[in-house]
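Here is what TrEMBL says about this protein:
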- 1-19: signal peptide (SIGNAL)
- 33-247: disulfide bond (DISULFID)
- 82-91: disulfide bond (DISULFID)
- 96-102: disulfide bond (DISULFID)
- 151-236: disulfide bond (DISULFID)
- 164-182: disulfide bond (DISULFID)
- 186-195: disulfide bond (DISULFID)
- 196-206: disulfide bond (DISULFID)
């Protein structure tokens with residue numbers, strides 16, 4: 001897969017937490033949706049898989065996962081509409097090869113992505129951003145806690161499925177099923193220009209399109225095409241927690 005927002009009203013969450021050293025950075029996944037999601041975590045090359053790379057998160061529950069004390073980077077997304085058929089597991093959006101625990105595998109677009117790079121730089125920075133480059137499936141925000149510097153809440157809060165243009169709609173089953181995600185222009189048309197491939201794979205030729213503009217208009221602070229402005233990646237110094245909220 002390629003590459004504001006305010007505190008939720010108080011909810012009582014059921015909690016599942018992996019053991020963590022005192023003071024370690026925690027990644028907390030929160031499901032505020034009125035349906036189950038199956039979060040997936042994919043590390044970038046050379047970094048360890050967290051929590052097996054995938055889990056089940058029922059509505060109004062959260063799960064806290066310790067992040068390595070060393071430099072780590074990767075991405076988080078939600079899978080939806082997942083089910084077993086016999087022993088086969090599959091998801092309507094964000095599927096990672098038909099498995100509950102993605103174990104380092106990426107997900108199938110369209111899906112909303114949170115991107116992270118932690119424990120880097122002289123001030124122990126945690127960089128984070130939300131990307132709609134691969135399309136949209138679930139509203140998602142990222143909130144850092146107890147960090148230093150400018151640490152905004154970023155992401156997309158409203159559900160775009162109802163307003164997704166017809167040509168970008170991802171339906172399951174195809175054609176007549178419900179809209180479960182909203183495709184990027186790249187995923188819908190697979191052209192070099194929309195996918196920023198080959199001649200278009202550099203900042204001077206990779207530009208936004210009418211399709212990425214649909215996402216950018218709704219959420220200006222998210223990445224919407226491959227060479228979108230790097231300033232959309234935020235840096236927070238030494239946060240104690242990075243909270244990903246689905247359906248914030």
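Cβ atoms here come from the backbone N, Cα and C positions, even for glycine.
Any TrEMBL annotation is an automated prediction that lacks curation.
Where TrEMBL records a feature, it is marked here on the structure.
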residue : record         : Cβ neighbours (10 Å)
33      : disulfide bond : 20
82      : disulfide bond : 19
91      : disulfide bond : 26
102     : disulfide bond : 25
151     : disulfide bond : 20
182     : disulfide bond : 27
186     : disulfide bond : 25
196     : disulfide bond : 23
236     : disulfide bond : 23
247     : disulfide bond : 20
Local Cβ density at residue 96 (disulfide bond) - other Cβ atoms counted within 10 Å: 27
Sequence-distant neighbours of residue 164 (disulfide bond) in its chain (C-beta under 8 A, six or more apart): 136, 179, 182, 214
Nearest of the disulfide-bonded residues (82, 206, 236) to residue 96 (disulfide bond) - Cα to Cα: 82
Local Cβ density at residue 206 (disulfide bond) - other Cβ atoms counted within 10 Å: 20
Length of the line joining the Cα atoms of residue 186 (disulfide bond) and residue 206 (disulfide bond), in Å: 12
Cβ atoms near residue 195 (disulfide bond) (within 10 Å, other residues, all chains): 20
Residue among disulfide-bonded residues 82, 102, 247 with Cα closest to the Cα of residue 196 (disulfide bond): 102
Cα distance (Å, whole number) from residue 195 (disulfide bond) to residue 236 (disulfide bond): 30
